[in-house]
Amino acid sequence: MRSLAILGSTGSIGLSTLDVVRQHPEKFKIAGLAEGHDVALLAEQIKEFLPAAVSVRDADSVKKLQTLLGSHKPEIFHGLEGAAAIASAEGVDMVVSAIVGAAGLLPTVSAIKAGKHIALANKETLVVAGKLVSDLVKKHNVHLLPVDSEHSAIFQSLAGHRAEDVERIILTASGGPFRNTSAEELKNVTLEQALKHPQWTMGAKITIDSATMMNKGLEVIEAHWLFSMPAEKIGVVVHPQSIIHSMVEYIDGCVIAQLGSPDMRAPIAYALSWPERSESGIHKLDLPKIGTLTFEEPDMERFPALRLAFEALKAGLTYPAVLNAANEIAVAAFLDRKIGFTDIAATVEKTMQAHEAYDPIELDEYLQADRWAREMAKKFIA
């Protein structure tokens, strides 16, 4: 039986993970849960899964949780340090890293240092500090298993093949809700329109990132670190049906792809069960019913966030950390209706242009770039 700690248990990935766990009580047990926004839902999760320890956002949330709990009272931590304690606790075999944004970096690093295998949904961990995290994974001999559907697809399509036989990897993108929207119309996009993704049900931040195509940009950087692939060997193709989750092209011209219904429970179940497979509960594909699969080139003029991500990856140093931090601030401002849709990428670009990059070594040097970019982005927004 595999003992799990879930960071971000009340979010979209956390809920899907618990649904997979619920289907396989003989395979998985919950040792720890961490969340930041929904204490009431966490209380219900604690009553069902009986974890030994949990973490909440702050001290006030600790008090609120204590009043909601019944007879089962786990050890309660709070803050990022609390999430790190959950992730590195004795008895945990695997950590599902699903905290949104750069906030997931510290707990994930703590888990790796404690020798825990990682099911990674928090792509920002590799975007912000890819080299540091990759080095730690090797040093502590842990598995870093992708939960993102695209990276899970690449991981599965690479299985059994030699790295030197890979020509390139191809990430698919749905194109988001504005795939056919003109550049002029994008300036007037509303928050409500941006939150309506055509294929996936996700949290607000990643839904906006999908609409700007920044999510695909972050996934390009994540793929670079997960698969040791240079930017020149990472392609993106728009695939509106979201049935092919990604592909690997080999030097002989053959392409291997992974297909499935657009449901995060499939890549989650694969990461939790690897190297085996488990029933995920998703709808099985009916290819005749789907009928047609289509593909398009991404438009980096209308969606400059994707271009900025490729530029950050190629430039290296602290640019990816700055890209991510500025984007988090800009998306939050858009969600608060303080800036327009096209201002998101514009804010990121201005912040990157203002940055004097350096070569980070220690974790705090990565976090320093993150903090700088957040403050600079706020100034541009103000």
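Residue numbering: from 1, along the chain as shown.
Glycine residues also receive a Cβ, built from the backbone N, Cα and C atoms like all the rest.
Checking the candidates Gly176, Gly203, Gly217 against Swiss-Prot: the one annotated together with Thr10, Gly11, Ser12, Ile13, Gly36, Asn122, Glu124 at the NADPH site is Gly203. Glu219 is the residue from Glu75, Glu81, Glu219 that Swiss-Prot records in the Mn(2+) site together with Asp148, Glu150. The 1-deoxy-D-xylulose 5-phosphate site in Swiss-Prot is built from Lys123, Ser149, Glu150, His197, Ser210, Asn215, Lys216, Glu219 plus one of Ser88, Ser174, Ser261, namely Ser174. Cβ contacts within 10 Å of Glu124 (NADPH binding site), excluding its own Cβ and spanning all protein chains shown: 26. When the CA atoms are compared, the binding-site residues lying within 10 A of Asp148 (Mn(2+) binding site) are Lys123, Glu219, out of the candidates Lys123, Glu124, His197, Asn215, Glu219. Between the C-alpha atoms of Ser12 (NADPH binding site) and His197 (1-deoxy-D-xylulose 5-phosphate binding site), the distance comes to 14 Å. Annotation for Glu150 (1-deoxy-D-xylulose 5-phosphate binding site): spatial neighbours Leu171, Thr172, Glu219, Ala223, His245, Ser246, criterion Cβ-Cβ under 8 Å with sequence separation of six or more. Residue environment of Ile13 (NADPH binding site) contains 28 other Cβ atoms, counted within 10 Å of its Cβ in all protein chains.
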